[in-house]
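What TrEMBL records for 738-796 is domain 'CBS'. The region 'Disordered' annotation in TrEMBL covers 1-43. TrEMBL lists 123-144, 172-193, 223-241, 284-307, 319-341, 371-395, 484-503, 509-531, 543-567, 573-594 with the feature transmembrane segment.
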Amino acid sequence: MANVAKKVSWSGRDRDDDEDGRAGETTPLLNGTGPGAAGSGRQLTPSPFLRIGQLSNVDLNEDIRELETEVPRQRPNEIPHNEKLLSLKYESLDYDNSENQLFLEEERRINHAAFRTVEIKRWVICAMIGILTGLVACFIDIVVENLAGLKYRVVKDNIDKFTAKGGLSFSLLLWATLNASVVMVGSLIVAFIEPVAAGSGIPQIKCYLNGVKIPHVVRLKTLVIKVCGVILSVVGGLAVGKEGPMIHSGSVIAAGISQGRSTSLKRDFKIFEYFRRDTEKRDFVSAGAAAGVSAAFGAPVGGVLFSLEEGASFWNQFLTWRIFFASMISTFTLNSVLSVYHGNAWDLSSPGLINFGRFDSEKMGYTIQEIPIFIFMGVVGGILGALFNALNYWLTMFRIRYIHRPCLQVVEAMLVAAVTATVGFVMIYCSRDCQPIQGSSVAYPLQLFCADGEYNSMATAFFNTPEKSVVNLFHDPPGSYNPMTLGMFTLMYFFLACWTYGLTVSAGVFIPSLLIGAAWGRLFGISLSYLTKGSIWADPGKYALMGAAAQLGGIVRMTLSLTVIMMEATGNVTYGFPIMLVLMTAKIVGDYFVEGLYDMHIQLQSVPFLHWEAPVTSHSLTAREVMSTPVTCLRRIERVGTVVDILSDTSSNHNGFPVVESNPDTTQVAGLRGLILRSQLIVLLKHKVFVERANLNLVQRRLKLKDFRDAYPRFPPIQSIHVSQDERECMIDLSEFMNPSPYTVPQEASLPRVFKLFRALGLRHLVVVDNRNEVVGMVTRKDLARYRLGKEGLEELSLAQT
């Protein structure tokens, strides 16, 4: 562990605490058994706190502190990174409600009518999520359309002018400069203002819904940077789409609205206060993610299935209806606004940001002999998707190690933008694929060296936004593209898209994947029509659709939701079965080689992500072997000074404390009585909820649940709370605030059993007890996520403060 250093992460902040000012649930390497523990473990000095279990902490930051002391303010050129690490800096979310006396009293006071009101509020919030997500999508679409149109018109006029009199290198320079300038602004705001807005945001939202707190992920500032960043990325001509970031945008909108306030703007609207807890917020974020998919593809059912398949780790039937309602409202809002914008207010024909156009099922049906062809396309998609992911994996590793400074990240983004423009220009310049302009639907036809009345076919793919290029490949009539054009375009765009994903810009991978697949799918269709002497069933557009599905499925490994999204976006149920077949094949083949792109990026960021099941070979492990020790416990009536010291202790940074029944004057420990969280203790200290030792019979100050909700989600750090010397001698009674019925497991419970309980109930802490109900250890997220199935069987990851 001596070579572990701090690593650039999604939050982009080299700090141990998250935005709440709380530190991570630091879990020591178990019983000193982790890699390198024997040599580097430091015995801590005995503390006065009530500790249960053996003392076996390993100080993972020791080497870093020594390094910082020797070389102050020097940033390393290379950051060592090992993918077999698990980061200790990620918090867990409290998806399990603390059923203390305050909570139960409030729930008992709520009558049937009040419950109905709460339920109505939930539906109102979902409607608001749908409306706002739809409006954000409209804003992105309209701005991109106008800015990209302006850029392409300027470059086209310039190319036309210099084609006639020579000097096309000026046109190349103009195109590359425009791209690099726009992308520079987009990258600057992400790298320097909100690094978590980089990428599509889907891996981060997936982690949030799994119960991991990614710093800043659902902030208002993140939304603003995300929207501006994605507009600039697409206008800057990068091989990206604006659909993926809509999922993140919808999630941020949902998190903000459901809380009835903005901590960024420091405004509290005093509405929806009941929903100020992680459990409720999680459900609304699921709805926001679905509304984002719905707005992006015009696919409300696809949005619900996406949230179920890719996002939500927790689900119930009532949630399904509310999420479907949010998705429906989202696509309707987008449709209405865009229809008015395009001048036909009563014609709701723009259900999503991308519309693949109608496929004529009469002309383009499929026959039984095409089934093996579709399966083969799925295999190709799976292999190409696995290659894409493998290349992107090594590229991301390189970025983590060497391109970790914001200024370097901006330079890389500008370089990719300039290279993308240069590659596009050279490909168009070298292409001699000329097509008649009459009857074509090309937005910006470039003539270049073609005869009058003709346009360069390569330009329709490169000289356009990726969304329009996809639709052209689906619907242009047979003969619109030369096979050589499609082959070269597929090859170049594959590497450009792979290089682009992971840059410090807001961008999605959906549309580039569809474009790569549509290009090689159309090429496949043209080859088939050559082989079959132009049979009616060998339509290039149909195979472009199958290729697009195969490529996207091979990269992101979605099956159910992607099938429905493709069907809804094409408005055609005929191809439902072939698309399912292609996606299933692509997923099976791709999974054989590497993980899906989103799972891979989650793993690269060392996030303690819990999958649906424990590793299959983990039955030999028990709770005793996985749990963390020592456990810092509190007595039911505890001295204020002791509580302050425990919370200030940087060597532990625990977030949950078992409460035990014990006589304050003895060290004898009795059984477990409850569990209290760091955030609850901070609120109690802030409100001075304690009494003097001499007056224990006095009633301490009453708090309401509202006091805890007002402090949520950014609880103040313990350092900001002043406790005088006299107050340190006071006593605090935790009975009313602790959760008296925390979940516990015996130390003999197997790892799969512990995992199932922890994962299904969305726990943050699971107390391990012996047969006398005395606390012997604690299981947190990191203890379970540490075990995973590797190539050589069960692996145990090292824990590090990365």
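Note: Cβ is positioned from N, Cα and C throughout, glycine not excepted.
Just so you know, TrEMBL annotations never went through curation; they're auto-generated.
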Per the definition of 3+ C-beta pairs under 8 A with sequence separation of 6 or more, do the transmembrane segment (319-341) and the transmembrane segment (123-144) touch? yes
If contact means at least 3 Cβ pairs within less than 8 Å, sequence distance 6 or more, would you call the transmembrane segment (484-503) and the transmembrane segment (223-241) in contact? yes
Averaged over the domain 'CBS' (738-796), the pLDDT of the predicted model comes to 90
When you look at the transmembrane segment (123-144) alongside the transmembrane segment (371-395), do they share 3+ Cβ pairs under 8 Å, ignoring any pair fewer than 6 residues apart in sequence? no
Please spell out the DSSP helix, strand and coil residue counts for the domain 'CBS' (738-796). 16 helix, 24 strand, 19 coil
Determine which recorded stretch among 172-193, 223-241, 284-307, 543-567 has the most C-beta pairs below 8 angstroms with the transmembrane segment (123-144). 284-307
Please indicate, using numbers and ranges, the residues of the same chain that are 6 or more beyond the transmembrane segment (223-241) and have a C-beta under 8 Å from a C-beta there. 136, 139-140, 143-144, 147-148, 151, 175, 178-180, 182-183, 185-187, 189-190, 193-194, 197-198, 201, 248-249, 252-253, 256, 354, 416-417, 420-421, 424, 465-467, 493, 496-497, 500-501, 503, 505-512, 514-515
State the residues, same chain only, that lie 6 or more residues beyond the ends of the transmembrane segment (172-193) and have a CB under 8 A from a CB inside it; answer 'none' if no residue qualifies. 12, 151, 154-155, 158, 221, 225, 228-229, 231-233, 235-238, 406-407, 409-410, 413-418, 420-422, 424-425, 503-506
